[in-house]
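Not my notes, these are from TrEMBL:
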type	residues	note
DOMAIN	17-377	domain 'Methionyl/Leucyl tRNA synthetase'
MOTIF	24-34	motif ''HIGH' region'
BINDING	CYS140, CYS143, CYS163, HIS166	Zn(2+) binding site
MOTIF	314-318	motif ''KMSKS' region'
DOMAIN	389-535	domain 'Methionyl-tRNA synthetase anticodon-binding'
Amino acid sequence: MAATADQSTDGGTTPAYFVSTPIYYVNDRPHLGHAYTTVAGDVLTRWHRQRGEKVWYLTGTDEHGQKILRTAEANGVTPQEWCDKLVEEAWKPLWQHLEIANDDFVRTTQERHTARVQEFVQDLYDKGEIYKGGYSGPYCVGCEEYKLPAELLDGATEGEKLCPIHKKPVEWLEEENYFFKLSAYGPKLLEFYAANPGFIAPESARNEVLRFVEQGLQDLSISRSTFNWGVPLPWDEKHVLYVWVDALLNYITAAGYGADPERFAELWPASVHLVGKDILRFHAVIWPAMLMAAGLPLPKRVVANGWLMVGGEKMSKSNLTGIAPTDLTSHFGVDAYRYYFLRAIPFGTDGSFSWEDFTARYTSELANDFGNLASRVAAMVGKYFDGALPASTAHGDAEQAVADGLAAAVGTADRKIGEELDFAGGLAAIFEFVKQVNGYLTEQEPWKVAKDDSAEGRARLATILYTAAESLRATAVLLNPVMPATAEKLWLSLGAAEGLGALADQTVAGAAQWGLLPVGTTVTKGEILFPRLEEKPAS
Ligand code: MSP
């Protein structure tokens, strides 16, 4: 957890770049799938921070509802005890371990959330957006959602129906509920999607939502009265608020809605809601309709990531095959973990994890292409110039090609990572540049030039090594959002802090500027960035 909200926002009204993750159910520990979305959001916000923008990154936990209640009961504790334990012992420590620099962590059982939630729903009730009715239908506790009969799968026994996501039997619920007039918002939502074509990404997600809304929306049951683990409706305390309505409101309660108007003006509307594709409709249909009903601005974008798959199925708590994020970080390291999933799976599509693929990328891209480049350059500056970075006095076409390659890589990476959330494409551009620098060294053969003691030979050698070191300076800046600890090691080994200050203060635009690394800084060999991997642990 990097900073508190107050440090990262200026209390003024300049809008901040606000990114959110879904708030996760705490019925169990976090797994690779949760970490995937959270790391992506972290990289996105670090990238924008490095553009010099004011940024706010929010994550948290979804603690109400039947799923949590049942888990707590099965474990013989109160739901609050269960949530407190999981949040403190499992969720927060994992985010810390993965270097997630969130600015806030919201829990739906916090008073700062529940009090504002009650005000929000009371407001909708007063506006006539909520009415009392009855509902009966199949409900999946895993999804915390009423299902449509048409989407259910057949179970093993006669008449048994399964949730298409969890493949578990649905339950028949029959209750008196309060309803939100969602059906009234279909046309307004379609108008909004048409006017804001970038609101839902990727394209496949947008199409799915359009098709769904075009079919017509039903009103939404927003209360439950058969259990009480939730936020009571202020006008009828026999009911608790439907857990999804409660959860979606975290994005505004954490941003100061109803509590701190200045902060809220600065943070809302959110720039990007990151969601898994399984929870797209809640964010792209129900949430904007709730905001419309309340007269609040809508988030700018909802971006859906694909699923991490195991054996052809969405990775979930029940089919994890025993791999926890820490099993991978203890083998590959945290930075390689952050890199791998974003590099290997195009954001928005499903992808599978394999030890073999991770090992191959670690070895070829991280250890060989990047890590070896860094250690070779530092070693040569040490050997030929006593560790003092020499000046580039013979900058010619070959060097200019490297400088141009850098400018192009920065432009591409900035667009792909910062705007398009195409992390794989942005990382590919950065690593293409790393390859270019390796190619440059192979062609220039500094180890041969070093044998030439003439003034010209020395100038040539100095220019080659400066060019390589300067390229690494820029690479450290570009990789800082993805692999912060590694980038810092490289920054220190280049002696860059001496003349340029902290790595955290460097900008994306500065990465593209050629010649920033001051001549004469002390280059040291430092730690190996990506050590050789141990044997794969027995599974
Ligand atoms: N609590 C709700 C979200 C409320 S947001 C207002 C919820 N929680 S969850 O814990 O079940 O999962 C939330 C998110 O975790 C998913 O939408 C997705 O972002 C991430 N993932 C969970 N499993 C995943 C994969 N197997 N692969 C990729 N992401 C996955 O739904």
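Just so you know, glycine gets a Cβ as well, placed from its N, Cα and C.
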Along the domain 'Methionyl-tRNA synthetase anticodon-binding' (389-535), what average pLDDT does this model show?
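Mean model confidence (pLDDT) across the domain 'Methionyl-tRNA synthetase anticodon-binding' (389-535) is 97.
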What other residues of the same chain, not counting CYS140, CYS143, CYS163, HIS166, have a CB atom within 8 A of the CB centroid of the Zn(2+) site?
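These residues sit around the Zn(2+) site: VAL141, GLY142, GLU145, LYS147, PRO164, ILE165, LYS168, VAL170.
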Please list, for the motif ''HIGH' region' (24-34), how many residues fall into helix, strand and coil according to DSSP.
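Within the motif ''HIGH' region' (24-34) the tally stands at 3 helix, 2 strand, 6 coil.
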Around CYS140 (Zn(2+) binding site), how many other C-beta atoms are within 10 angstroms of its C-beta?
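21, counting other Cβ atoms within 10 Å of CYS140 (Zn(2+) binding site).
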Output, ordered by sequence, the same-chain residues six or more apart from HIS166 (Zn(2+) binding site) with a CB under 8 Å from its CB, or 'none'.
CYS140, GLY142, CYS143, SER316
Is it possible to list how many residues within the domain 'Methionyl-tRNA synthetase anticodon-binding' (389-535) are helical, extended or coil according to DSSP?
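Computed counts for the domain 'Methionyl-tRNA synthetase anticodon-binding' (389-535) are 96 helix, 1 strand, 50 coil.
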